[in-house]
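If you look up TrEMBL, you'll see 27-52, 73-92, 104-122, 143-165, 199-223, 244-267, 273-293 marked as transmembrane segment. Here TrEMBL flags 43-294 as domain 'G-protein coupled receptors family 1 profile'.
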Amino acid sequence: MLGLNGTPFQPATLQLTGIPGLQTGQAWVALIFCILYLISVVGNLSILTLVVREPALHQPMYYFLSMLSLNDLGVSFSTLPTVLATFCFNYRHVAFDACLVQMFFIHTFSFMESGILLAMSFDHFVAIYDPLRYAAVLTNSRILAMGLGILAKSFATLFPFPFLVKRLPFCKGNVVHHSYCLHPDLMKVACGDIQVNNIYGLFVVVFTYGIDSTFIVLSYTLILRAVLAIASWEQRLKALNTCMSHICAVLAFYVPIIAVSMIHRFWKSAPAVVHVMMSNVYLFVPPMLNPIIYSVKTKEIRRGILKVFFKSQC
């Protein structure tokens with residue numbers, strides 16, 4: 001479909017959607033989202049503040065944890081404007097270009113999280129496999145290089161997405177099925193040849209989630225092999241316990257992704273609310289759970305929180 005000037009039609013604004021079937025309970029949905037955002041933002045800011053302030057946490061493991069918290073804040077702030085506008089103020093319109101920007105940042109931070117989890121698995125592998133060389137292998141410069149590499153990889157692979165979407169005409173309406181902008185949603189309302197978008201989207205998913213998850217599994221295979229070589233059963237449990245928080249974070253991130261993929265692949269007739277809810281779980285649960293997981297499972301983080309809390313009471 002062409003506009004008046006002969007160029008492919010693109011709507012000035014896109015209409016966002018809440019949760020299908022819950023129009024009468026929007027106030028409760030808004031409250032839930034506000035609580036999720038509050039937990040996520042406060043939790044991740046607390047982790048960052050602790051790592052900066054506590055000299056005992058100036059170690060590679062906590063630097064990677066800071067990257068994860070910073071990235072989770074990025075995920076939360078990427079979705080926050082349109083989600084709050086949709087559910088709290090019932091304002092459901094977003095400019096087309098703003099939608100593309102939001103789409104880029106949401107997907108970029110999501111793919112960065114996968115890379116950070118891979119870096120954290122490497123951190124655990126080095127700590128268990130060769131603890132005497134841990135500090136020599138994971139120097140501050142190498143940690144910084146890993147973080148910048150993850151950022152560059154995610155940015156470079158996602159950078160073409162807005163331009164690939166921008167070239168398409170939109171003749172199937174302007175309603176997207178979430179309260180934020182995602183690439184698959186925009187493909188549903190775009191017309192013309194979207195094969196390039198789909199092929200490149202599949203490439204990016206395999207290049208990031210596929211490779212990262214494979215190396216995470218490989219890391220834990222080597223970790224398990226190293227742990228089984230330890231003679232003392234008590235030392236084995238201690239070594240595995242140091243990995244539990246990271247394993248929980250990996251599961252919190254990848255299980256929703258796998259669930260969303262399985263639903264799209266094998267349950268295409270699922271009600272729209274199922275697709276929307278699973279996408280919400282994928283974007284909102286990991287940033288909320290990660291600071292809770294690390295606060296509960298990591299003794300140093302827990303000790304730092306208690307220290308700050310009791311100091312504030314004095």
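Easy rule for this one: first residue shown is 1, then count along the chain.
Every residue, even glycine, has its Cβ placed from backbone N, Cα and C.
Keep in mind the model is a prediction, meaning the values are calculated, not measured.
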>> With Cβ-Cβ distances below 8 Å as the criterion, list the same-chain residues six or more beyond the ends of the transmembrane segment (104-122) that contact it, or say none.
In response: 61, 64-65, 67-68, 71-72, 74-75, 78-79, 146-147, 150-151, 153-155, 157-159, 161-162, 180-183, 204, 208-209, 212-213, 215-216, 219-220, 246, 249-250, 253, 283, 286
>> Quick test of the contact rule: Cβ under 8 Å, at least six residues beyond the ends. What residues does that give for the transmembrane segment (199-223)?
In response: 111, 114-115, 117-118, 121-122, 124-125, 128-129, 153-154, 157-158, 160-161, 164, 183-184, 243, 247, 250, 254, 257
>> Give the mean pLDDT for the domain 'G-protein coupled receptors family 1 profile' (43-294) on the 0 to 100 scale.
In response: 90
> Is the transmembrane segment (244-267) close to the transmembrane segment (73-92), in the sense of at least 3 CB pairs under 8 angstroms with a sequence gap of 6 or more?
Replying inline: no
> Taking 27-52, 143-165, 273-293 as candidates, which has the most Cβ pairs under 8 Å with the transmembrane segment (244-267)?
Replying inline: 273-293
